[in-house]
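Chemist: The structure is given below, and queries will be raised subsequently.
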Amino acid sequence: MCLLHYNCQGCDEPPEQGLDGFKGHRGARLAVSVRLGTDPANRQTDRSPVFCQLKGQGGTVTKISKAKKVPKTGLEPKSHINTCTVMGCSRPRYEVRNWPLHFLFLFSAGMGHEIFYITCLPCIHWNLDPFLCRRLVNMWTMVMYIGQLMKDLLKLPRPPSPPVVKLETRVDVEYGLPSTHAMAATAISFTVLLSAQSRFQFPFQVGLMVAVTMSSLVSLSRLYTGMHSVLDVISGVLLSAVLILLTYPYWEAIDQFQLSSPLSPAVGLMLPLFLSYTYPDLGHYSTTRGDTTTILGAGGGCFAGYWVSERLGPTIEPGGPLPAPLPTLTLHALAWGAARFLVGVLALVGTRQVVKTLSLRVLYSWYKVPRNDSGARRRKEIEVPYKFVTYTAVGLVNSILVNRVFVLLGLS
């Protein structure tokens, strides 16, 4: 077993620089020290490859030793040691040396996952201003679709492991450039900053610091988790910035069309559905198609839902002249905000589960697929409609039903 320091033990030969195929990407190891070696589960065999890696200057994989005998007993993995599979034996096992930094980057990376989008983004609608959420969802949908599309058109791979240590595995089969986490974080942060100026009174410098900090943390987290190279992240940030600059002059016109045009619901639903079905086919399964359909469905549902909500009556928007003062954080305001958050999240999660289950049952029955065939949901004719219908329903509930529930419960 080799610890990622210059003192390398257990290898047949001293480490050497310049291993072909594993040199170039240094990854990010700000808080993780990696152990490379054999997995305890593989120690029933007599021989297995031993990996040896150096940490320090260079920080690249420098040596793969020949197969050697491994004891059949050894140190069992601790609770804070993670394992995975690479090249027939255990993936890098990493030992966290800086827990605060480790959790900070894992939390930051989570701001690009579904659980963040389905909870925190709607919370802006429920507790701050539906106007901001509307602008935010529109930009997020556009930026994410373009980013996902570019990934599958450019087909540039993610950093190899080794030398980097990948702390996530779900999207490992996706292509790498641009980083859609970096794109989404940049778009969300600066869309809120630019849109909030006309709605609330706040120091612009403070808002700018918050936007830069949030987008930087998410971007750096993708380096830390080993999912992207520096080029991937920089490309994502720059592409998102360009899209914001190009579309900013038209935000008011888009908002006006969304709320007042009779064509708004049809455009909001049919265009995302068309883009979902015409998404490029890679010839092999990748999570990008399903994730893109999820994003388009949620964005389309919100786009149409805000048009309907505008005609149903008052919404929870700031009253009085604008820009309004920021809400005061009293205990009463926090309690009501928490109540709205819980009601809203329960409504969205419940909608997601019910509609997903029903849509899968209908599609499995239509295509005569056994219900226990979980792999069938990867087929395009099943994946696209079930994800689109599910998340369109989530978007509609967020923009229409939750607001009505708040009014009925006296939470508006």
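Positions of Cβ are set from backbone N, Cα and C atoms, glycine also.
Bear in mind that TrEMBL entries carry predicted annotations, made automatically and left uncurated.
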Chemist: Please find, within the list 114-135, 202-223, the residue stretch that TrEMBL describes as transmembrane segment.
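Modeler: Matching range for transmembrane segment: 202-223.
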Chemist: Taking residues 6+ outside the transmembrane segment (388-411), which of them lie with a CB under 8 Å of any CB in it?
Modeler: 118, 122, 125-126, 130, 137, 269, 272-273, 276, 293-306, 308-309, 312-316, 336, 339-340, 343-344, 347-348, 351-352, 355-356, 359
Chemist: In the domain 'Phosphatidic acid phosphatase type 2/haloperoxidase' (134-248), how many residues does DSSP assign to helix, to strand and to coil?
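Modeler: Helix, strand and coil residues of the domain 'Phosphatidic acid phosphatase type 2/haloperoxidase' (134-248) number 78 helix, 2 strand, 35 coil.
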